[in-house]
Ligand SMILES: *Cc1c(COP(=O)(O)O)cnc(C)c1O
């Protein structure tokens with residue numbers, strides 16, 4: 001049995017891969033692979049419409065929000081967000097853009113946004129965390145928000161650092177949230193946000209697809225320099241067909257949405273995700289060899305970084321894990337140590353297998 005703990009591109013539900021394999025050469029009697037279809041043909045139009053509708057159902061997206069299928073990933077959205085929103089309300093340029101800095105992905109978002117506006121870092125987690133690192137989410141009472149900001153940007157799950165918002169901020173400006181690595185893992189209220197975006201390759205499907213969910217009244221304010229293919233209003237007006245959308249990635253994402261519905265929806269998956277995370281964190285907290293350094297109520301349910309107290313064991317830990325079929329556990333180079341990403345498609349059996357291996361490893365190597 002293989003369990004893949006990659007942070008992304010990441011594990012997909014086996015059923016989805018099997019269905020894609022079965023339909024690879026001939027989708028529903030069309031005689032074509034989905035990859036070979038015109039994006040404007042009736043076959044693909046139905047695939048796109050169903051994927052959009054299923055995502056709308058799964059997240060209970062209100063009717064005054066558009067769902068866009070774009071390309072470029074979350075890193076491109078770091079520029080696309082200010083390009084679309086810095087002109088909001090015809091404010092003076094450069095506009096003020098508020099950001100909360102909670103980890104590596106926030107750092108990148110902030111750096112990119114600074115090209116398009118005056119960024120105000122309303123709170124940096126390193127100022128408030130006990131260890132001076134990205135190990136907590138700063139309390140909203142410590143945020144220094146601007147009165148005239150076009151929006152507030154947050155990264156609700158920091159994939160590299162392993163911190164996650166357990167709450168939705170309550171602020172006066174629209175919230176823009178990078179949810180790349182935990183979208184569909186927990187129940188959210190879309191109406192709390194102005195914009196939700198994320199690359200698909202963590203918790204949805206293959207790389208190449210970017211999901212954007214945007215409230216309609218935020219459309220139409222793009223800066224003149226915004227490329228047409230990145231203008232949310234243009235993309236929305238053309239139903240994600242202004243340019244050729246990433247057709248195969250949308251098809252796989254659609255199969256994943258159907259799989260989530262068969263699991264009982266997001267609330268059902270959230271229950272399993274809570275159990276998976278609790279299993280791993282409880283084990284880490286009670287072990288002698290391993291530790292997780294994130295403040296407890298800020299720990300990510302999706303990305304669990306951990307360290308071996310004896311780092312000279314790192315290489316053998318990884319090679320023995322791999323021999324047991326436990327793959328891609330090496331931590332991000334900027335953090336070190338290990339990281340287990342336990343997205344929706346990771347079954348609880350995978351986390352049980354990981355904990356069993358870690359326990360055996362500790363007994364054998366850590367006296
Ligand atoms: C992976 C990730 C990104 C980067 O996504 P790309 O597809 O490489 O652009 C951005 N933000 C978060 C939170 C991520 O997990």
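The backbone N, Cα and C atoms fix where each Cβ goes, glycine too.
From the candidate list 118, 127, 159, the residue TrEMBL records in the pyridoxal 5'-phosphate site shared with 105, 178, 201, 243, 244 is 159.
Counting other Cβ atoms within 10 Å of each Cβ, the lowest count among the recorded positions 40, 202 belongs to 40. Cβ-based crowding with a 10 Å cutoff singles out 178 as the top-ranked of the binding-site residues 178, 201, 244. The Cβ of residue 243 (pyridoxal 5'-phosphate binding site) lies under 8 Å from the Cβ of 71, 229, each on the same chain and at least six residues away in sequence. Within 10 Å of the C-beta of residue 159 (pyridoxal 5'-phosphate binding site) we count 28 further C-beta atoms, all protein chains included. Distance between Cα atoms for residue 159 (pyridoxal 5'-phosphate binding site) and residue 202 (N6-(pyridoxal phosphate)lysine): 9 Å, as a whole number.
Taking 40, 178, 243, 244 as the candidate binding-site residues, the subset whose CB lies under 6 angstroms from any atom of ligand 1 consists of 178. The average pLDDT for the domain 'Aminotransferase class V' (2-354) in the predicted structure is 97.
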